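> The following block contains the structure, expressed as structure tokens.
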Amino acid sequence: MKLAYWMYAGPAHIGTLRVASSFKNVHAIMHAPLGDDYFNVMRSMLERERDFTPVTASIVDRHVLARGSQEKVVENIMRKDQQEKPDLILLTPTCTSSILQEDLQNFVERATSTTNSDILLADVNHYRVNEFQAADRTLEQIIAFYLPPLDPYSSSMDVLPLAAERQHGPPPSQQAESQDSGPSGEQKFSEQPSANILGVFTLGFHHQHDCREIYRILKDLGIKINQIIPEGCLVTNLKNITKAWFNIVPYREIGLMAAEYLHKNYNMPYIDRTPMGLVETASWIRQIRVFVKGNEETYEKYIDQQTRFVSQAAWFSRSIDCQNLTGKKALVFGDATHAAAMTKILVREMGINVCCAGTYCQQDADWFREQVQGFCDQVLITEDHTQVGNMIAQIEPAAIFGTQMERHVGKRLDIPCGVISAPIHIQNFPLSYRPFLGYEGTNQIADLVYNSFTLGMEDHLLEIFGGHDVKTVITKNLSTDQELIWTSSAQNELQKIPGFVRNRIKRNTEKFARSQKIQQITVEVMYAAKEAAT
């Protein structure tokens, strides 16, 4: 835990609350002081849902500090149990209230005896994990609460055969049997190939749109969606998870721990590949074919049809528009899933040079380096947005693909930015259908990439015909050094330079002036900087 005025990943309790508010009929109680209770406002503003956010803050104030929190927390749990009648009440502290070192598990045990709802204390270390890690752990904890590990003796005898059957389909004798849950070790899975989608939840980057695209592809392949977890899922239905043949984890930030838990305890296979881009989507579908023992020719025909007629990205990559982008420099930064996938798409499918790829998910640093190896010039793993900003200013890419913060940096440096990852603002919660995964997602990404690059002719035409985007002298940079003075003649000379290279020439001139300890930039200094650069 550290003090910061801006972070890529929020504190742990935000991840826990995102998971809890994604489930249906689950209520979260946040044990926190005033100031930590902004989640309700944030979710209501960004998601723009009709329903109220199911989170109640049990405020820690001076009265609570004087006599202890137990009475107030238990009272809030009992009140919400009577008012909302939820299936589950999830209690979570924040990093601030955790300082009190209170025995919240004792509060839960006391409240359990007087309520009808299940009550669970979020098992998260608020000092050591961030928003994504807490969300991943909370989802695993809730699933394990309703689907506990099987007895090791029954596991070895009953569950292992089920794992083999999942790879080859149910035997004919089982197809006529009831699909209801039986005793431990007797769980039947669906007759039709089916899958669970783990990790789609509230405030995710285009999660709702991605889920619809995955649903469309699976439906085309004859695969049924068993459950989508946690978004819109009832915790009382979690016992039916093992009816699915396999699990799908679209984003490694959340859902991977739950998938590994189900694989370890119930031998459920899972796919953790992200179907983002043409190449990765085709590989994802082929991996599904292995799980369901589908016909290879049928699946390859489907991939070909979708690549040629649903996705326009393959055609676009061969068009003159995309060829104009070949060799241009780009910087990619975001969560591990989207940054790695975007790096591969830019290099492998569009011929763009990624000079730097990075992520703020430090827990996935090794995985990220392995994924982008050979696709970028350098890798940046950091949670400090100023390091990313300095890297952008140093490299001066033609375009940035990053988060909301990189978008702000790009505006300061006059470098276009396409947003590909959380954290994001409200404009990246579109009402229209804009997936990033699957074949429809390839069209969205192609548009984003092409529209993110500023074409030289665009600025030139704006200068000729005028418009609100005409640039005067560019003064945007990340440095706070204001000692440099441009003479009027130097400014006039700078205006004669075409707009699409003017900003770079200005920064190079200022860099030369600082290196030579020159405070006033004249026309002669500009030409000297040009000679030094060549």
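Backbone N, Cα and C atoms are what each Cβ position is placed from, and that goes for glycine too.
All annotation found in TrEMBL is predicted automatically rather than curated by experts.
Look at TrEMBL and you will find Asp321 tagged as active site, proton donor. Feature annotation from TrEMBL assigns [4Fe-4S] cluster binding site to Asp36. What TrEMBL records for Gly456, Met457 is substrate binding site. Feature annotation from TrEMBL assigns compositional bias 'Polar residues' to 174-184. The domain 'Nitrogenase/oxidoreductase component 1' annotation in TrEMBL covers 12-453. Here TrEMBL flags 164-190 as region 'Disordered'.
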> Counting all other Cβ atoms within 10 Å across every protein chain shown, which of the recorded positions Asp36, Asp321 scores highest?
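Ranked by Cβ atoms within 10 Å, first place goes to Asp36.
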> Quick one: pull the CA-CA distance for Asp321 (active site, proton donor) versus the residue listed as '[4Fe-4S] cluster binding site', whole Å only.
48
> Which value does the mean pLDDT take for the domain 'Nitrogenase/oxidoreductase component 1' (12-453) in this predicted structure?
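88, rounded to a whole number.
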